[in-house]
Amino acid sequence: MAEHGAHFTAASVADDQPSIFEVVAQDSLMTAVRPALQHVVKVLAESNPTHYGFLWRWFDEIFTLLDLLLQQHYLSRTSASFSENFYGLKRIVMGDTHKSQRLASAGLPKQQLWKSIMFLVLLPYLKVKLEKLVSSLREEDEYSIHPPSSRWKRFYRAFLAAYPFVNMAWEGWFLVQQLRYILGKAQHHSPLLRLAGVQLGRLTVQDIQALEHKPAKASMMQQPARSVSEKINSALKKAVGGVALSLSTGLSVGVFFLQFLDWWYSSENQETIKSLTALPTPPPPVHLDYNSDSPLLPKMKTVCPLCRKTRVNDTVLATSGYVFCYRCVFHYVRSHQACPITGYPTEVQHLIKLYSPEN
């Protein structure tokens with residue numbers, strides 16, 4: 001139950017409403033998990049299409065099914081979604097006169113539970129499918145792949161024209177609700193919570209203690225099933241609970257990993273990363289200590305430092321900037337893998353031929 005204590009903030013009973021930062025963080029948690037899993041599935045499907053291709057083709061449906069099991073598990077046992085429970089929050093039934101005595105371990109009532117599942121699982125699935133449909137219709141419109149019916153053509157063009165405004169109104173609805181929540185004018189940061197008949201609150205000490213002792217109490221009170229149907233029902237419940245528990249454990253570890261990657265690659269953190277991974281300053285190049293009388297360098301700028309003759313097919317080394325004959329420097333670099341003057345590691349691909357007007 002480390003997730004209960006990781007983000008727990010001490011608060012009085014009268015001030016159990018979470019801050020805007022907590023609710024926005026838990027909203028963005030599952031939003032970050034979906035594309036991460038989608039990328040993993042894409043890599044697997046590209047590496048082995050025969051075995052993992054179906055995961056990519058049916059990713060939305062598989063993810064929705066797993067999300068359904070996960071959210072139902074948490075809502076019925078912790079009165080919160082996975083992300084809300086991760087940040088130490090719970091869902092409180094609106095209008096419940098005994099909400100102060102109701103513990104999170106009791107779970108949500110059936111009505112609020114299925115409403116919450118609908119808005120947590122079904123609505124995001126429909127939104128993803130709608131966005132894919134809009135993208136597909138835009139491609140058809142762009143490449144003039146129109147269906148034969150002109151009435152259908154006018155309909156989907158009107159749909160494409162109206163979709164950005166509908167989407168803007170939808171996002172604006174959520175933005176206004178968040179602003180009202182920040183100003184203390186609303187008890188919900190999301191209108192979907194109000195439609196589900198719940199509001200968010202922080203887990204209390206009693207909630208955390210009840211959640212920690214619930215598995216032990218359930219195992220002690222469990223009675224052996226008598227009939228075959230009861231045994232099958234019990235086995236199915238255990239299987240679903242095991243899948244949900246495995247998903248929650250894997251997601252908890254994955255979330256910490258995602259947050260670490262987000263911190264590591266954030267633009268604000270680049271200077272810190274550079275200071276942590278900075279290597280000691282290397283010594284100055286050897287060729288800077290050479291004077292004009294160095295025996296390694298010819299006195300005339302048109303002479304090759306290797307053959308001491310006028311250069312033919314001028315070729316510069318990208319690693320040092322010195323110019324040689326192509327034949328001389330090619331054989332030297334291929335044999336020694338270094339610059340003849342500075343000793344810098346050099347490969348054949350670092351040779352750059354020069355084409356001057358004199359040639």
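Along the chain as shown, the residues are counted starting at 1.
In case you wondered, yes, glycine gets a Cβ from its N, Cα and C as well.
Since this is a predicted model, take the numbers as computed values, not measurements.
What Swiss-Prot lists as topological domain 'Peroxisomal matrix' is 1-19 (among others).
The transmembrane segment annotation in Swiss-Prot covers 20-47 (among others) and is backed by similarity to another entry.
Marked as topological domain 'Cytoplasmic' by Swiss-Prot on the basis of similarity to another entry: 48-51 (among others). Across the residues of the topological domain 'Cytoplasmic' (48-51), the predicted structure has a mean pLDDT of 85.
Among the features that Swiss-Prot reports, transmembrane segment is placed at 52-76 (among others).
Per Swiss-Prot, topological domain 'Peroxisomal matrix' is recorded for 77-109 (among others), and the stated evidence type is similarity to another entry.
The transmembrane segment annotation in Swiss-Prot covers 110-139 (among others).
Annotation comment: Swiss-Prot describes 140-144 (among others) as topological domain 'Cytoplasmic'.
The transmembrane segment feature in Swiss-Prot is assigned to 145-183 (among others).
The topological domain 'Peroxisomal matrix' annotation in Swiss-Prot covers 184-249 (among others).
For 250-277 (among others), the entry in Swiss-Prot reads transmembrane segment.
The annotation topological domain 'Cytoplasmic' is assigned in Swiss-Prot to 278-359 (among others) on the grounds of a curator's inference.
Helix first, then strand, then coil: DSSP counts for the zinc finger (304-343) stand at 11 helix, 9 strand, 20 coil. The zinc finger feature in Swiss-Prot is assigned to 304-343.
If you look up Swiss-Prot, you'll see Cys304, Cys307, Cys325, Cys328 marked as Zn(2+) binding site. Within 10 Å of the C-beta atom of Cys325 (Zn(2+) binding site) sit 20 other C-beta atoms, taking all shown protein chains into account.
In the shown protein chains, 15 other C-beta atoms lie within 10 A of the C-beta of Cys307 (Zn(2+) binding site).
Proximity of distant same-chain residues to the transmembrane segment (145-183), defined by a Cβ-Cβ separation under 8 Å and at least 6 residues beyond the stretch ends, is recorded for 20, 23-24, 134, 137-139, 189-191. Residues within less than 8 Å, Cβ to Cβ, of Cys328 (Zn(2+) binding site) and separated from it by at least 6 positions along the same chain comprise Cys304, Leu306, Cys307.
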